[in-house]
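Asker: If you scroll down you'll find the structure; I have some questions about it.
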Amino acid sequence: MPAHLKSKRILEEESPGCYIKARYVLALMTALGTLNAYSLRNGINIAIVNMTVSRSPNNLTTTGGCTRQINVTRTDDKLKDADFEWSITEQTLVMGSFYYGYCVTNFPGAWMAKRYGIRIVLGVSSLLCALLTLLVPLVAKSSLALLVALRITLGAFQGVTFPTAWVAWGYWAPPLERSRLVSITLSGLSMGYFVVYPVVGGIVSSFGWEASFYITGAIGIVFAVVWLSIIHDTPAEHPRISRQEKDYIEQSIHGDKIPTKKEAIPWLEMAKSVPAWATIASHLADNYLTFTLGIMAPTYIARVYGLDIKSVGFLAALPFLIRLVLNLVGSSIADMILTKRLTRIVTVRKLASVLPLTTSSISLVILAYLNCNIWPAVALISVSGGILGLTTSGHACSFVDISPSFGGITYSISNTLASVIGFIAPQVAGAFLSDNLVSSWKKVFWLAAAIGAFGAVIFLFFASDRTQSWAKGEETKEGETQEIKVLI
């Protein structure tokens, strides 16, 4: 927490007239931006069920009391006309290849957002992603290699999205509203699954898989135009913000020192920061669990239980509906606790990360031994994915807690590493599942659970809520040095 907030509480004066606060408009637009990003990224996870017929042999598979063929008989007539005969390894390559490009541009995206502003960086990247999505049907029918190359390029353009948002909140989010504003941004992540999966499933079932890319691409173009039209980089540059809101934001975040876009980045000190690495560890664990469920759940439900495309889309979306609700409710509760000063910020952050990571991991371990009982499986998948919505009030806010001025930079480093998981998780799953055994899903779930538990332990012991000395610049005062404590 900024030092000037420890001794006094800064209150926002009421703006005159019927005024919509600029930071809430930004929150809504960043939420729509992440929704748009996830729709362009993840639509293929559902569409690929209808795009492909696996070349894997129809081995009879068993796991405990469950006996079935993993390549089940398809009940949707459109599935009989699938255009591609790709193995499970090739399918996971198509879905995961996005992250090969995505992991490369996180840091450059944060740097560009600080240097050139959030408006241009996110607006242009969103437009390019939408145009690439429109090309997916044509490219897919040309060759698998070209489709993988397009997905890598799409990931590279989209890698700037979240770092840009964290740069924005470094300038726009008052500390006592940080959980709420960050959670609104990240609500687009959950909507990007629970809206896109059933919608894409319905589009594919009614109009064919190609239509899903044309529709999501067109919506992406509309978003980019709106973003470029109404968003501004900082409160100081916004032409319509009220004086009251501008003063409140700047004073609550920075006191009398307003940072510039060209601040020197303290790379060495940042690299040695234990709280920063603890936050990164929790982020990595969250991402591995999310990617395992988000990318592989549609395939798991379709192949193991033999459901049609509409049912797959709906059931795979359930965890992210729960995640959205817990995201918004949890962040409101977190900000209320902090506003009333009921406990320390670090306590809220740790509870909001450790509890969901642990619960998600335990749920996956139980899921591994359900013997193909579909409704208990759906319930556990929903709990495992949904509970992660609470992390938006945990490690997701810690990046800005420990470094308001460099939150986008630290987040971009973390998201770069977390993005590597985006292509590792489906490839590891594909390797585990190459033997075509239903029982091989146990390996997928156990590995994800172990990584989730590891992230929870590291964050529990080493996370901090203090603005780090390297993030204070000239404002660092004697006695305000970096402190690492185990505080619950």
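Any Cβ shown, glycine's included, is placed from N, Cα and C.
What you are looking at is a predicted structure, and each value in this text was computed from that prediction instead of being measured.
Straight from TrEMBL, here's the annotation block:
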type	residues	note
DOMAIN	31-467	domain 'Major facilitator superfamily (MFS) profile'
TRANSMEM	120-140	transmembrane segment
TRANSMEM	146-169	transmembrane segment
TRANSMEM	181-200	transmembrane segment
TRANSMEM	212-231	transmembrane segment
TRANSMEM	288-306	transmembrane segment
TRANSMEM	312-330	transmembrane segment
TRANSMEM	351-370	transmembrane segment
TRANSMEM	376-397	transmembrane segment
TRANSMEM	409-432	transmembrane segment
TRANSMEM	444-463	transmembrane segment
Asker: Between the transmembrane segment (181-200) and the stretches 146-169, 212-231, 312-330, 376-397, 444-463, work out which stretch tops the count of Cβ pairs under 8 Å.
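Answerer: When the Cβ pairs under 8 Å are tallied, 312-330 comes out ahead.
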Asker: Are the transmembrane segment (444-463) and the transmembrane segment (120-140) near each other by the rule of at least 3 C-beta pairs under 8 angstroms (pairs 6 or more apart)?
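Answerer: No, since the transmembrane segment (120-140) and the transmembrane segment (444-463) share fewer than 3 Cβ pairs closer than 8 Å, they do not count as touching.
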Asker: State the residues, same chain only, that lie 6 or more residues beyond the ends of the transmembrane segment (409-432) and have a CB under 8 A from a CB inside it; answer 'none' if no residue qualifies.
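Answerer: For the transmembrane segment (409-432), the nonlocal Cβ contacts are 88-89, 91-93, 95-100, 102-104, 106-107, 109-111, 114, 155, 159, 162-163, 166-167, 265, 270, 276, 279-280, 283-284, 286-288, 291-292, 295-296, 399, 402-403, 440-441, 443-444, 447-448.
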Asker: With a Cβ cut-off under 8 Å, give me the same-chain residues at least six positions beyond the ends of the transmembrane segment (288-306) that come close to it.
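Answerer: Same-chain residues near the transmembrane segment (288-306) but 6 or more away: 42, 45-46, 49, 68, 70-75, 88, 91-92, 95-96, 193, 197, 312-313, 315-316, 319-320, 357, 360-361, 364, 372, 374, 377-378, 381, 384-385, 388, 421-422, 425-426, 429, 438, 441, 444-445, 448, 451-452.
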